[in-house]
Every structure is written in C-alpha cells, then in structure tokens.
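As structure tokens, the structure follows; a few thoughts come after it.
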Amino acid sequence: MALALKLLKQLRGPSTTTSTILYRNLRPRFSNLRSTIRLFSDAPLSEPLTIPPHQKPHSPSPSSLNQYELAKFAAIAETWWDSEGPFKPLHQLNPTRLAFIRSTLCRHFGRDPLSPRPFEGLKFVDVGCGGGIVSEPLARLGATVTGVDAVEKNIKIARLHADLDPLTSTIEYCCTTAEKLVEEQKNFDAVFALEVIEHVADPAEFCKSLAALTVPGGATVISTINRSMRAYATAIVAAEYLLHWLPKGTHQWSSFLTPEELALILERASISVQEMAGFVYNPLTGRWSLSDDVNVNFIAYATKIQTAN
C-alpha cells in the first residue's frame with residue numbers, strides 16, 4: 001500500500017497554482033515540427049527523433065485496427081456506463097477532458113463558452129466512442145454527433161444508453177472505422193480520438209484518417225498517455241496491478257506516444273498542434289485537473305492545415 005501511495009503522488013505530478021498556464025500554445029514556439037527538436041524540453045536531441053514501430057499481434061490489415069485490442073474491449077463492453085467498473089478512470093477524467101474541449105473549441109469556432117449549447121450547428125465525430133461517454137455530453141452541448149467504434153458491443157451499449165435521453169437520442173452510432181468513413185468521403189468540423197491512439201496498430205495511418213475526416217480549418221482533438229517512465233509506474237503498475245483501477249493488460253507501454261511523436265505524426269498528416277495540456281490526478285480528492293505537466297496523461301488540440309487552391 002505504501003508503494004501504491006508513492007506512485008499516486010507521482011501521478012499527481014508537481015503542484016500547480018491557479019496562476020499556472022494550463023495550455024501550451026505551440027504555434028509561436030515551433031515553426032517547423034519536422035526539425036529534430038524537443039517540443040517540451042530545452043534538452044537537445046543526440047540523434048534525429050524517430051517514431052518507434054508498434055507491435056502488431058495480428059496479420060497486416062488495410063486499416064489501423066488492432067484485433068487484440070478490440071477483443072479486450074469487447075470483453076468488458078457491458079460495463080461502459082458503470083461508473084465503478086473497469087471504465088471508472090475514464091468517468092472520473094471525463095469532466096476535465098470536456099473542460100479542455102469546450103475551452104479550445106469555443107475559441108476555435110468563435111462560440112460563447114457560457115452558452116448552454118455552444119456547438120449548435122457543428123458536426124463532430126467521436127472515433128473509438130466506446131459506450132458514448134464523450135459523444136453524449138458533446139450532443140448535449142449542441143453538436144450533431146456521430147460516434148463510431150469497431151466493437152459492435154460498444155455501439156449497441158451506446159445506442160441503448162443514448163435513447164434514454166431525447167438530447168442524446170439524435171447521436172448517429174455506427175460500427176465502423178475511421179478509414180471506412182474516409183472511403184465514404186465523410187467530413188466533420190471536429191474529430192475526436194480520446195484514449196484511442198494507444199490501442200491502434202498504426203498510429204501514423206490512423207492520424208491520416210483523422211486528418212482526412214477533418215474539414216480544412218477544422219479541429220482535431222486527441223488524448224493519450226505519454227511513453228515515460230512515470231507513465232509506466234502510474235498508468236500501468238499502479239493503475240492495473242496495485243490499485244486494480246483497470247484490468248491487467250489494458251495498456252502496453254511500448255504503444256504509448258510521447259507528445260513530440262504525436263505532434264510530428266499529426267504534422268505529417270497536415271494537422272498542426274496548437275495547444276497541449278496534461279491531466280494530473282489528486283489522490284486526496286479523487287479528481288483530475290488540467291496542468292502543464294504532460295508526463296503521464298495529456299490532450300492535444302490541433303487544426304487541419306488549409307492548403308492553397
């Protein structure tokens with residue numbers, strides 16, 4: 001237990017004050033993400049940054065699907081809306097994710113953040129929507145939401161739950177992939193992939209699909225876990241094996257991306273990262289908050305680069 005408490009303190013990260021700048025605005029600091037620089041540290045790189053290959057426990061596929069990961073989530077699909085079940089950490093994290101989304105996208109689209117439905121008239125897609133725990137609040141904020149997931153059980157659960165509320169019954173749930181939506185020439189004002197990219201077989205190809213789904217000048221929001229030693233200690237050792245917040249084997253440390261790698265992958269897909277923030281957990285209150293500490297959980301808001309005709 002002492003070890004678990006120590007790891008939780010690590011998860012909390014360095015203390016911050018209310019004056020802490022929560023969001024990192026990348027545009028003025030990094031004019032060319034293709035150069036070999038560190039985005040979040042002044043320490044020089046000894047060699048060019050390379051994106052590590054990701055393990056694929058299945059035969060090659062034309063999509064970014066990882067069948068092993070799909071099977072894991074299909075096994076616990078019925079628990080999506082159990083706030084004390086395997087997805088409890090996501091339920092706890094959700095208000096903080098949505099606070100970041102509301103803030104950044106209201107500025108991006110010029111909407112009033114105090115409006116009860118600031119995203120009225122905008123089309124959003126939630127890729128890897130699971131049971132719909134992000135799709136539903138986005139719909140309540142006024143957006144026309146499409147939720148897609150490759151696990152059919154997830155989609156069934158999402159539809160059943162959404163139908164309980166008239167405000168969310170309009171969500172269009174589809175058992176499909178981002179790649180198939182691209183083939184169907186679908187476009188959205190904003191594309192979301194929250195806690196998804198660490199579970200796909202090919203992050204680069206996945207980001208290309210997200211870019212293709214985003215209209216020029218639109219927004220893309222991705223959240224994931226950093227490939228750091230602190231993330232290994234907290235998100236895997238503590239969360240899965242000591243505290244049992246998540247089923248064992250939920251995450252593979254080698255599948256995580258650093259913020260630098262994610263920004264480079266997105267840049268190559270014509271998506272420019274504008275802001276990043278970290279999520280830190282307070283074990284005393286049981287709540288998450290936004291921070292400039294991106295060592296474990298982090299979220300990125302990016303925009304689709306508009307090319308000249």
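Each residue, glycine too, has its Cβ placed from N, Cα and C.
Automated prediction, rather than curation, is the source of TrEMBL annotations.
According to TrEMBL, the protein carries these features:
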- Arg97, Gly128, Asp149, Leu194: S-adenosyl-L-methionine binding site (BINDING)
- Glu195, Glu198, His199: Mg(2+) binding site (BINDING)
Would you kindly give the Cα-Cα distance separating His199 (Mg(2+) binding site) and Asp149 (S-adenosyl-L-methionine binding site), rounded to the nearest Å? 12
I'd like to know which of the binding-site residues Asp149, Glu195, Glu198 has the most other Cβ atoms within 10 Å of its Cβ. Asp149
C-alpha spacing of Gly128 (S-adenosyl-L-methionine binding site) relative to His199 (Mg(2+) binding site), in angstrom: 10
Let me check the 10 A CB neighbour count of Gly128 (S-adenosyl-L-methionine binding site). How many other CB atoms are there? 24
Same chain, 6+ residues apart, C-beta under 8 Å of the C-beta of Arg97 (S-adenosyl-L-methionine binding site), given in sequence order: Val134, Leu194, Ser223, Phe279, Ile299
Quick note, Gly128 (S-adenosyl-L-methionine binding site) and Glu198 (Mg(2+) binding site): C-alpha atoms separated, nearest Å, by 11
Widest Cα pair spacing in Å over the listed S-adenosyl-L-methionine contacts Arg97, Gly128, Asp149, Leu194 is 19
